[in-house]
Amino acid sequence: MLRQWSVQSGQAPGGPEPEPAADELWESEMERLCASRAPVRALPYAMADKRLIRQLREPEGVKTSCWQRWQCRLQMAGRRLGEAAQRLARGFGLWEGALYEIGGLFGTGIQSYFTFLRFLLLLNLLTVLVTVSFVLLPLAWLQPPDPGPTLNLTLQCPSSHQTYTGVPKFHNQLWNVLTGKAFSNTYLFYGAYRVGPESSSVYSIRLAYLLSPLACLLLCFCGTLRRMVKGLPQKPLLSWDYRVSLSAKVFSSWDFCIQVQAAATIKKHEISNEFKVELEEGHRFQLVQQQSQVQRACHLLTYLRVNILIGLLVVGAISAIFWATEYSQDNKKASLFVLLQYLPPGVIALVNFLGPLLFVFLVQLENYPPNTEVNLTLVWCVVLKLASLGMFSFSLGRTMLCIGGNKTSCEPYGYNACDYQCWENSVGQELYKLSTFNFLLTVAFAFLVSLPRRLLVERFSGRFWTWLDREEFLVPKNVLDIVAGQTVTWMGLFYCPLLPLLNSVFIFLTFYIKKYTLLRNSRASSRLFRASSSTFFFQLVLLLGLLLAAVPLGYVVSSIHSSWDCGLFTNYSAPWQVVPELVALRLPPPGQRALHYLSSHAFSFPLLVMLSLVLTVCVSQSQANARAIHGLQKQLLRQVREKWHLVEDLSRLLPEPDPGESLGPRRPRPGLSLEDPAGLRSPGPGWRGPPSEPRPQVPLPGGTEL
């Protein structure tokens with residue numbers, strides 16, 4: 001508005017002559033607008049003013065050529081086409097309407113969970129696309145030669161190692177589907193992939209099968225890291241130096257383009273949730289500032305004591321998982337072996353259900369603040385989830401591959417061939433059962449626990465039912481559950497290549513199940529939080545799960561002997577041995593020497609130097625950015641001061657109103673534009689200009705006020 005006043009300053013018809021200061025303001029504003037490269041469309045002026053500015057930028061003596069005008073129109077058409085494509089993509093985006101409704105009714109914190117589900121669905125679909133493109137389609141298209149009959153090994157095993165062959169009456173086809181045995185001969189598991197020798201085919205299915213899981217993990221890592229880094233610039237904006245005042249949110253939050261009543265209701269809830277988050281964060285910040293040094297020391301000692309107790313609980317839970325896994329694998333000849341197959345997933349689910357409840361109980365005994373209670377419980381839940389999966393994978397390796405145990409049963413073949421003729425399929429079936437069991441638990445809790453609880457609370461009244469109330473929708477707990485399922489999927493990329501497809505179906509159904517639970521059966525959490533503050537933590541936990549899945553996979557690929565009678569790597573001591581074989585067959589001697597140098601210790605020194613240079617450049621760039629931000633803050637402060645000086649100059653230039661005129665509010669005069677400079681000279685007798693003392697307080701970044 002100040003710029004518009006400065007541009008509109010001029011001589012009114014029949015009014016006084018313009019003063020030299022007004023002419024200088026007019027000339028300086030015109031020079032700035034003509035020299036500016038900003039598009040006219042983005043300027044905050046009326047349409048008539050924009051036409052005048054466009055004419056001033058293109059004088060009569062300078063005419064653009066037809067080629068320049070055609071280029072300008074082409075660029076404008078391309079820009080409009082891109083904007084239309086973006087609007088169309090947002091309109092056809094997956095779950096856009098549902099995410100908007102959830103974010104408006106329950107806040108951006110709960111919306112971030114459903115956005116996280118969509119992100120994981122896209123990661124799984126990308127993984128399936130890579131596997132199908134590089135493994136399944138070439139396997140069907142090239143039709144590699146028959147690898148020959150399966151190796152018939154005569155296993156010298158004692159009678160105690162013979163597996164139980166009796167089939168109970170309830171071991172039907174449905175149970176085979178739940179345990180994965182119905183798909184053991186399909187491309188869902190490792191054992192169904194068979195090809196001939198490497199020299200008989202142009203395209204190496206073995207190399208594609210080996211590198212596809214590694215490529216999928218790398219793509220997931222890049223996508224997760226990009227999403228995490230994208231949220232990092234928002235973290236400093238959450239500090240108190242950059243907060244927008246509540247008054248600004250009150251007067252600028254409403255969207256006046258809303259015409260539908262349902263959209264207006266959602267917008268009201270969204271604004272209300274935003275105010276609740278601001279007030280709650282302000283209250284927590286005030287409590288932290290009021291703590292004394294003695295109180296902080298007492299809280300630290302209590303914090304250490306509670307952490308020790310929770311650590312002991314985590315150790316006990318991990319020991320229970322280890323015992324359950326070994327017991328289910330060692331008792332294969334028991335009559336209840338079919339039921340024991342789901343013992344490890346059941347124990348893991350029980351531990352992950354009872355563990356957080358015990359953590360919350362121990363933390364509440366110490367009367368922690370709500371924020372500290374949630375953060376402490378959340379950290380230990382992350383440790384428990386990931387440690388449970390790590391112990392589960394270690395116990396499987398100890399049983400099947402004799403890792404860290406008695407290796408006498410693994411000496412002849414490199415793995416426990418007596419009990420697990422195709423150990424890759426056995427590991428894939430265990431991970432398949434764990435993933436399926438997690439989804440079945442989600443369905444069971446939604447329709448057998450949350451739904452009856454809501455119906456009972458609505459049907460009966462009393463002190464007990466009031467205390468019980470509906471289930472609280474806890475975003476951290478749900479995120480940890482879905483991260484645990486995604487970690488299991490990544491762990492099974494080598495043993496069960498199509499497990500991401502199954503997990504995609506589970507995530508798609510989980511979205512609608514959780515949405516129904518949130519809208520109908522649950523109540524929102526009493527502690528609201530921002531999506532920007534939770535997204536970074538979600539991605540960090542996902543990266544930890546990715547690391548947990550990548551370490552065992554790398555060890556198995558590089559060091560563990562493959563099965564002798566199933567899969568692609570029957571004649572290899574380790575799956576990675578196919579890489580040097582292909583290098584010797586397909587690459588010329590110069591290429592072999594280059595790869596040998598890249599994998600040798602001599603290449604580590606230049607690699608270390610290059611990484612040091614890259615790190616130095618990144619640190620220098622971050623420091624330069626910090627200095628630039630500090631300079632921009634000072635420049636913003638100077639610009640605001642200059643604007644207030646302009647306001648004071650304009651208030652001195654405008655005529656004073658008559659004493660008899662009313663000082664009340666008047667309707668603004670229409671038609672103020674660049675072509676009507678009298679609008680500034682005669683804005684109306686009721687307008688006295690901005691007061692010079694005291695100046696309004698303007699909040700600035702860094703906590704500075706004017």
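Cβ coordinates come from backbone N, Cα and C, glycine included.
Remember, TrEMBL labels are computer predictions, not curated facts.
Record features, source TrEMBL:
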| type | residues | note |
| --- | --- | --- |
| REGION | 1-22 | region 'Disordered' |
| TRANSMEM | 119-141 | transmembrane segment |
| TRANSMEM | 207-229 | transmembrane segment |
| TRANSMEM | 303-324 | transmembrane segment |
| TRANSMEM | 336-365 | transmembrane segment |
| TRANSMEM | 377-397 | transmembrane segment |
| DOMAIN | 422-532 | domain 'TMC' |
| TRANSMEM | 492-513 | transmembrane segment |
| TRANSMEM | 534-555 | transmembrane segment |
| TRANSMEM | 594-619 | transmembrane segment |
| REGION | 655-706 | region 'Disordered' |
Stretch contact, the transmembrane segment (207-229) with the transmembrane segment (377-397), Cβ-Cβ under 8 Å, 3+ pairs:
no
Which stretch from 492-513, 534-555, 594-619 shares the most C-beta pairs under 8 Å with the transmembrane segment (377-397)?
534-555
Of the residues in the domain 'TMC' (422-532), how many are helix, strand and coil by DSSP?
85 helix, 6 strand, 20 coil
